[in-house]
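J.: One structure, as structure tokens, below. Some questions next.
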Amino acid sequence: GDFGILFLLFSEGLEVSSQRLAKLKNYLPLGFAQISLTTGVITAALLAGAPQFFDRFLPLDDGFIDISNPTEAVVLALAGTLSTSAFIFPVLKERGWEGENAGQAATSILLLQDLFVAPLLVILPFVVGQGPTDYAAIAFLTAKAAIGFGFVMFVLSKVLQQIFRVVAKTQSAETFVALSLLVSVGMGAVAKSLGLTDTAGAFAAGILLANTNFRAQIQADILPFKGILLGIFFMDAGSLFDSELVLAELPTVLTGAISLILLKGITVAAATRVPRWMEPNRLEPYDAVKLAFLLSGGGEFAFVVLALAEKLDVLPKDLGGLLTAIVLITMAVTPLLGIAASSVSKNFSFDQLSHTFDDDSSESFVADDAIVVCGYGEVGKAVFEKLGDLKDEDTGHPPSLVAFDMSPMLMNSILMPTPSSAVMFGDSANPEVILAHGVEKPRALFVSYDDHEQVMSAVARLRFSFPEAPIFTRAQSRFEAQELMEAGATEIVVEFDELPRSAQALLLKVEEEKKVLLEDSVVINV
């Protein structure tokens, strides 16, 4: 479970690229307003009304809810302020809200909350009074942490990329994964020795690697381990769900969940009403309602905050179990909140045709439907060049192309032969590498590796992840071609030099067949 938290923060750090930080500035005032306003309102509500309310309407036999302590109220408010990226992003994608103002604002606020977690875990011991109280000691620890950790970050920023380059030259996925594990855990240990939390160290390690050419490959390679460890973390959090306690105090749990959703929804909506001079990108009511519903639930980082609070003896264990149940319930209803957001926001819509925020700093310059060339050796390069000569029938521009290769020459830079094409470091036989660069619906995939077993593995994995995309490759014999066809290849060219010459024809042939099928479908529908 602890390793799961480290990987969660390490993965979040990997997402903090310069492009995402540039996005953050668009709704920075709104993000700060949401965090501060929600924390303040929940704290005030807990201190002013919660104890009296529970005593009068929902008396508890154990009497373990006593939120007259300001420290306890602040900790609960900080945990309740955070929302769930894991549930909100799929809702944005499913409903097509990613490009709308509400989607852009939600992404920025969630990123700011993610950045907020690491320092929160550092200062929480001081907030609850378990850090040193002597000002000289505090100053010494602050200087030690700032200078020491800053020095470590500076050294690692110079050394870490060199280490990854050496490991990448071995082209061993196992060594790459082992190094990623070592970096995240090692940085956590270093941070802890300097008086910070190990999660802050793992987060910093992710940031160091976020703007390197290794980011996508690291994300893809650690994905299975991340899933397993995060699964253990969520199992650990779920184990705190005491069903007997929840059933015994069901009115309290449901009231807490409803209260959290209402309080967060109201404060998020209020945060969107800041003056225009403070927030140039202030949301219109249509988008503000969507955002309020989306962010009104709890978040996975609340488990991290509550777990630390229990370790610091701020919260009783039973209270932690009750709060975990409340957060889990609010996270689980996030898809339902998305449905409610869609329905309610229509009543505030005055112009549903222009809700897209014009953002020049996109996450990736690669189109989501780019043509992917797997391997940039002699054959891959020839295929890439041939495809670059194509012109789109409607725009007259060449297609968006991206090639991936594990060549050491791509470790330091990205090759861009044309404005619409790029050659990047990564193992494109791993679909997660392609997805990490924003290519979610590739127009076509050309597998140009030399080794037949490598081609077989790539075709099988790519077919599973991209069932609709045509996959083209080559073979040295009819037997190999038959194997590749069974693995999921769309077209196979036999012989070494035919794939580059046939690349354009293969692509146009498949797309013409799709067009004919679409026309036939239209005729049948009519």
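Cβ atoms are placed via backbone N, Cα and C, with glycine included.
Remember, predicted model here, so these are calculated numbers, not experimental data.
Per TrEMBL, the features are:
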DOMAIN    2-337  domain 'Cation/H+ exchanger transmembrane'
TRANSMEM  27-53  transmembrane segment
TRANSMEM  73-92  transmembrane segment
TRANSMEM  104-129  transmembrane segment
TRANSMEM  135-156  transmembrane segment
TRANSMEM  223-241  transmembrane segment
TRANSMEM  253-271  transmembrane segment
TRANSMEM  291-309  transmembrane segment
TRANSMEM  321-341  transmembrane segment
DOMAIN    371-494  domain 'RCK N-terminal'
J.: Taking 27-53, 73-92, 104-129, 253-271 as candidates, which has the most Cβ pairs under 8 Å with the transmembrane segment (321-341)?
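T.: The stretch with the most close Cβ contacts to the transmembrane segment (321-341) is 253-271.
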J.: At a threshold of under 8 Å on Cβ distances, which of 27-53, 73-92, 223-241 pairs most often with the transmembrane segment (291-309)?
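T.: Stretch with the highest Cβ contact count: 73-92.
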J.: Please work out which recorded stretch in 73-92, 104-129, 223-241 has the most C-beta pairs separated by under 8 angstroms from the transmembrane segment (253-271)?
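T.: Counting Cβ pairs under 8 Å, the winner is 73-92.
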